[in-house]
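According to TrEMBL, the protein carries these features:
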TRANSMEM  51-70  transmembrane segment
TRANSMEM  77-94  transmembrane segment
ACT_SITE  D104  active site
TRANSMEM  114-133  transmembrane segment
ACT_SITE  D118  active site
Amino acid sequence: MLTVAGLDQLTKLWIQEYMGLGQSVPVIGNVLHVTRVLNQGGAFGLLSGRYFLFLATAIGLIFVASYYAVYYKPNKALQFGLGLVSGGALGNLVDRLWHGGVVDFIDLGFWPVFNLADSAIVVGTAWLALLLLKSRG
C-alpha cells in the first residue's frame, strides 16, 4: 500500500515541479502525452464536484483493506490486490487533502487523463475480481 502511494506521490510531485497546469507534452506521437490537470472528480474524471464522497470512500477503502490485511492475514495474491487498491486510494486521498483535487497526467488522447493511483485501483480491482472468480470455480 505505502509503496503504491509513495510512487504515485513521487510522480505527481515531479509533474507539478516541471509542468504548468494544462501543459501537455507528447511522449509517443499522438498515442501518449503527459498532460497536467487537476481532477476534482473520481477516477477518470467521473462524478466531478463530489469532494466529501470521495474523501469518505477513500478513507473507507483504506480502513477496510488495512483491517482485513492485519486481522485476517490473507494470502499473498489477495494482499497484492488489496495493496494496489488501498495504495491508489491513499495516493489520491493525499492529493484531495492537499490540493482539493487529484493531479492527473497520463493522457492517452481517447480516455480521460489519469494517474498511477487510478491505474493501481483499476488493476487491483480487476485482480481481486479474478481471484474471486477463480475461488468460485
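Residue positions begin at 1 at the first shown residue.
For all residues, glycine too, the Cβ spot is worked out from N, Cα and C.
Note: TrEMBL annotation is automatic and uncurated.
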Inset, instruction - Work through the active-site residues one by one (D104, D118) and point out the residue whose CB has the fewest other CB atoms within 10 angstroms. - result: D118
Inset, instruction - Measure from the CA atom of D118 (active site) to the CA atom of D104 (active site) and give the result in Å, rounded to a whole number. - result: 9
Inset, instruction - Would you mind listing the long-range same-chain contacts of the transmembrane segment (114-133), meaning Cβ under 8 Å and 6+ residues beyond its ends? - result: 4-5, 7-8, 11-12, 43-44, 77-78, 80-85, 87-92, 95, 102-106
Legend entry - D104 (active site) - helix vs strand vs coil (DSSP): strand
Legend entry - Positions whose Cβ lies under 8 angstroms from the transmembrane segment (51-70), at least six residues beyond its ends: 1, 40, 42, 79, 82-83, 85-86, 89-90, 92-93, 96-97, 100
